[in-house]
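Structure, as structure tokens:
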Amino acid sequence: MKNFAKDTSKAVKLATEIKDMLNGMCVNSKDQNSFEKIEEKVQNISKDMEMIKEKLDKIQNIVSDNKCTAYQPKECKDITNRVPGLQTIYPDGNKKLSVQCEEGGWTVIQKRYDGSVEFNRNWSDYENGFGSTKGEFWLGNKNIAQLTAEGSHELRIDLEDWDGNKRFAVYKHFKIGDASTKYILNISEYSGNAGDGLRYHDGKQFSAYDQDNDSHPKTNCAAYKSFKGGWWYSNCYSGPESMLNGHYTHRNNPDQGYGHLPRECTQINDSGLQTVFPDGNCNKEVSVQCEGRWTLIQKRYDGSVEFHRNWKDYENGFGDINGEFWL
């Protein structure tokens, strides 16, 4: 539009120059009428061009005053083509944010798969986000709060174990508050096959190792060695909760034994001899037999173990976990 206005201005100037040239020419009387007609047409053109220029100037001022910009998607589902991969969104309508978009318009807020990024971070890191959207990352509580501030939002969690077994959880309603609420979690209406672990964290404030907002009277759960990560803790571990930002463990690595502590076989995918933590304390582990997520508390099949026992034996358990036993 600026170039068009510039060209119009040039045309006005050219018409004026032609008029001036005609005024300066000596003409015969017989051609006088013809020149007068030409001069009249040039004057009319000049006036028309001036009017066009004025209108273009007004349009340009309107555009400039309104600061017209391209459509700015607030989240991945607002992007027209919805191509999976790295995209730019504007959660607050102004500041751009680079995010990973998944098929279906999902905006990825956390990703972990190899433990390359440390998630035992302070409040500021969890607030602003860390890691790389091309690898492992946390998008940032501030950004997640802006994403969920308006309208209705769903949360989907996809999990995969070392053997390639996959599970998922979907929450129809998901929102976190802003900084004034300590990024309180609001979540409900679970569906899926991973377990409804997040319902225990509904209504809880976010905690990091340098800011304790959990319900435990003495311990900062985010700083506790069993977790080591920011989360919406309740009372550390008192049931089948979820904790997806904890210490990342690797298979067959005894030096990395902390992370999610299963209390029973319902929280373990594999059958056979397993280790559980019934009281949620990593200092007390119990070997159990799991069968299809069932925890065996007693097994008898050949009478090899005497069950005529005293109170103490029944209180503490007896037998062989690989044979006959009372847990």
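From the backbone N, Cα and C atoms, a Cβ is placed for every residue, glycine too.
TrEMBL does not curate its annotations; it predicts them automatically.
Residues or ranges marked as coiled coil by TrEMBL: 35-62. Annotation comment: TrEMBL describes 67-248, 256-327 as domain 'Fibrinogen C-terminal'.
Taken together, the residues of the domain 'Fibrinogen C-terminal' (256-327) have an average pLDDT of 82. Broken down with DSSP, the domain 'Fibrinogen C-terminal' (256-327) shows 9 helix, 19 strand, 44 coil.
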